[in-house]
Amino acid sequence: MSLEKAQELDTKYPTYKDEFAVPTFKSLGIETSQFNENTDSIYLCGNSLGLMPKSTKQAINDELNAWIERGVESHFNHPGQSEGKTPWVDIDLPLVPLVAPIVGAKENEVAVMGSLTSNLNALLINFYKPKDKRTKILFEKQAFPSDYYAFLNLVKLHGYDESHLVQLKVLPGNTYLTTEQIKKAVDDNIDELAMVCFPGIQYYTGQFFKIEEITNYVKNKGKNEIVVGWDLAHAVGNVPLKLHDWNVDFAAWCSYKYLNSGPGGIAGIYVHEQYTKDNSKTSFSPRLAGWWGNNASDRFKMLEEFDPINSALSYRQSNPSVIDVVAVKSSLELFKKVGGVPKLRKKSIALTQFLQDLLVSSKYYFRSDNDTDRSKIGFTILTPLNQEERGAQLSVLFQPHYDDKQKNIMERVSGYLHNHAIICDERRPDVIRFAPLPLYNTFEETYYAAQRLFEALDKISSEEI
């Protein structure tokens with residue numbers, strides 16, 4: 001893999017980097033004699049926090065100006081309505097047709113609301129209905145901690161203890177779960193499972209789970225008595241999804257990673273239409289409810305009667321933050337403009353494969369399943385090497401490990417990369433996650449990032465750093 005090859009690929013796959021604000025050497029406080037201080041960084045951290053679309057700043061300022069000019073009246077009489085702005089009372093509704101294709105849902109199956117864990121908790125309360133022996137929740141042992149906390153407290157709210165959580169561990173010698181392993185766990189607990197909930201993409205390894213296959217297996221084996229949900233924090237905006245076609249019951253996601261909504265940005269949910277099409281004042285499924293999920297025509301009548309909207313919007317509890325909504329809208333409009341996730345996925349596969357090819361060609365690379373001398377300086381890749389089993393992320397495990405941060409290989413590599421304005425995500429003690437995103441990363445900068453990584457290991461080997 002050469003620089004010329006990277007440049008050739010950049011002519012084949014377009015970049016939309018100009019649509020984004022990219023941190024520079026100067027803005028990051030990094031001194032450089034090799035580059036102009038206003039040179040862009042190489043930002044490979046969109047799996048942690050996406051870059052800001054340049055249009056976001058104006059979108060937010062427009063709403064601040066509406067607040068200045070009309071105050072509360074902007075809820076129903078926005079000063080920018082003639083220019084296409086939405087009154088605040090309906091501020092989130094234009095996002096529904098933008099989000100639905102990204103997750104592969106019908107418009108009546110999605111809502112933009114809340115934050116990831118609060119949304120997940122709301123869905124769990126609604127969908128976890130233990131009965132007789134069916135009380136257990138199957139999920140992964142290495143789940144993002146917030147998910148574990150949610151599952152643990154959910155079973156405790158029902159009077160159960162931690163034994164009602166079935167946590168699936170990665171088998172010795174592997175770096176990620178296999179679909180067959182998940183199926184076996186379903187079989188082993190088939191009469192006791194009430195719910196199965198995995199991540200669409202595993203945050204640490206970057207593994208893309210076979211959502212359709214797993215969902216269908218659980219439903220068929222459980223005779224539709226087991227609910228299947230997905231945490232899509234690292235999948236939404238990253239890989240193509242078809243939640244409705246895959247018959248997923250519910251899902252939740254955040255938007256500040258691949259959807260570029262900004263830190264702590266507003267999140268979203270999916271609920272299959274079978275659970276909301278019969279909503280009525282007398283037959284709705286009890287949930288954590290609020291006035292923003294009530295029929296809009298009666299919402300401001302302040303009635304003591306819950307009349308849920310016949311869609312996933314009925315799960316909304318409070319009116320959303322206008323600033324958060326318009327921030328994510330800027331990015332969603334950009335996704336639509338460039339052709340959506342399926343089109344971006346083609347470049348994403350090529351870009352991540354290009355990085356993988358660079359890494360495995362290094363003298364410092366060793367296969368994770370090899371009996372390698374663990375005292376030798378080097379790295380392996382935890383992420384599945386099969387491009388269909390991952391998104392836009394490679395998780396790189398460095399060795400050897402030292403408890404002293406000044407000596408530890410990962411810390412030293414990470415520091416070297418940062419000093420060269422290459423922004424990645426550390427996962428202590430020994431992992432760096434690299435996420436080349438198709439929207440704003442190029443093959444050329446991915447090439448340079450890999451070269452700086454190899455330089456760092458050369459200098460560590462010769463004790464120069």
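Every residue gets a Cβ built from N, Cα and C, even glycine.
For the pyridoxal 5'-phosphate site, Swiss-Prot lists LEU116, THR117, PHE144, PRO145, SER146, ASP147, ASP231, HIS234, TRP291, ASN319; matching the candidates TYR176, TYR217, TYR256, TYR275 against that entry yields TYR256. Ranking the binding-site residues SER146, ASN319 by the number of CB atoms within 10 A of their own CB puts ASN319 at the top. It is TYR256 that, of the binding-site residues PHE144, TYR256, has its Cβ surrounded by the most other Cβ atoms within 10 Å. When other Cβ atoms within 10 Å of the Cβ of LYS257 (N6-(pyridoxal phosphate)lysine) are tallied across all protein chains shown, the result is 24. A straight line from the CA of PHE144 (pyridoxal 5'-phosphate binding site) to the CA of LYS257 (N6-(pyridoxal phosphate)lysine) spans 15 Å.
Separating the Cα atoms of SER146 (pyridoxal 5'-phosphate binding site) and LYS257 (N6-(pyridoxal phosphate)lysine) is a whole-number distance of 16 Å. According to DSSP, ASP231 (pyridoxal 5'-phosphate binding site) sits within a strand segment. Residue pairs drawn from LEU116, THR117, PHE144, PRO145, SER146, ASP147, ASP231, HIS234, TYR256, TRP291, ASN319, the listed pyridoxal 5'-phosphate binders, are separated by up to 31 Å at the Cα level. LEU116 (pyridoxal 5'-phosphate binding site) sits 12 Å from LYS257 (N6-(pyridoxal phosphate)lysine), taking the Cα positions as reference.
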